[in-house]
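> Quick one: this structure, given as structure tokens, is what I'll be asking you about.
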């Protein structure tokens, strides 16, 4: 049976979702979970785009040992050199290099001839092979490229030393039959195509990214590039979890398997959703809240008699827990530590003690802690960047039905250690809090989106707030978790501003939006 390699690009193409900017600790948390998930390759970022991305890729490459870590590079020596410096300490350094090949890109973006592009592609693959043991070459906009020219340039980069050739549907244009045909054509017409791995990379502009990826596998693709929850540029990318489960459930049809640990899918999906602030639609295949719900009376009757009447995927297969065991104020440190280990957290004794003390303090207000509560609490602490921006100290809100809401906020400037305290009013309590935060930070911040959800049912559930803001023409997303909605709202807003400041500090040179090469 064929083995399909999974190339995960959540940390590169997924992070290009508008309003998403992950800090190094958040990227590292996702990378470690992707390693547990069993991906074969993870694309950690675009090292040449900014010092922040470079440092994150370098840290991930040093940490991850059980899969190959790669970075994106344009077909220029500076990008390749930067990627090598970031990736050279990894277990299996790999480069993902790209250049556009379609006539529309050549004419309007690159302003080069086919001959010039072919020459540049070959020269840069050769240059990359002087450093990297594995080089993947991508033909940006392959699906709108003249097929004879595509076969020619693929032949030449293979001769130059490329180990993997990626044929991306960069704009999500093709139907599955058309995309599959490209793989057949390249296999039949590109010289030595059988000596390299062919890779698929699909965008979801017409809603066919997963179908196209599976069509590529049917027609000889050895590797599939995908993203957790299908997030990414514009309408997103092919969803890793959907492809992996489809290969497993329909192994009889695809005759292919992978190393993906399916029982880690739900945990990975939840982590990416929390850290990016991008909620998973309830009706999302495999990981949505409704994926295993049965509403129709006829369906319920059949399901109760025999699950397989209406359920082709069991919740347990993808790691959906049906037992929500909880911790409470009488739970001891041993039970707390055991629960953290079961949730996949590998923490030292000092960290366990720190989180246990926070947990015990909160149980005075909150009767029960579910898995979701603990995950939210720990992620909030572990992924916070404490070096740049503002630290939340306290919040007080005065509200009455016949009064104008007033908020008082105390923050600490993490650069100067100065404590800032301001007060302001608003039409509602949340607006009062946000007007006060603006005063504290003296920044013009426009709120674009505000969402609130609870971890679970019950009046003592944690509130999770996600916001998107605009600062100096740049979008930034933030999240906040607290038992109080207003506190969570303040933390989310502050988190979005801090992310913007981190991005502003680290972004010199290319913006991450320049990295749309595949």
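Any Cβ shown, glycine's included, is placed from N, Cα and C.
Quick paste from Swiss-Prot:
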type	residues	note
BINDING	13, 201, 203, 237	Mn(2+) binding site
DOMAIN	4-266	domain 'Pyruvate carboxyltransferase'
REGION	391-518	region 'Regulatory domain'
> Going by DSSP, is residue 13 (Mn(2+) binding site) sitting in a helix, a strand, or coil?
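It is coil.
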> Please count the residues of the region 'Regulatory domain' (391-518) that DSSP assigns to helix (H, G, I), strand (E, B) and coil.
38 helix, 51 strand, 39 coil
> Least buried of the binding-site residues 201, 203, going by other Cβ atoms within 10 Å?
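Among the binding-site residues 201, 203, the lowest count of other Cβ atoms within 10 Å belongs to 203.
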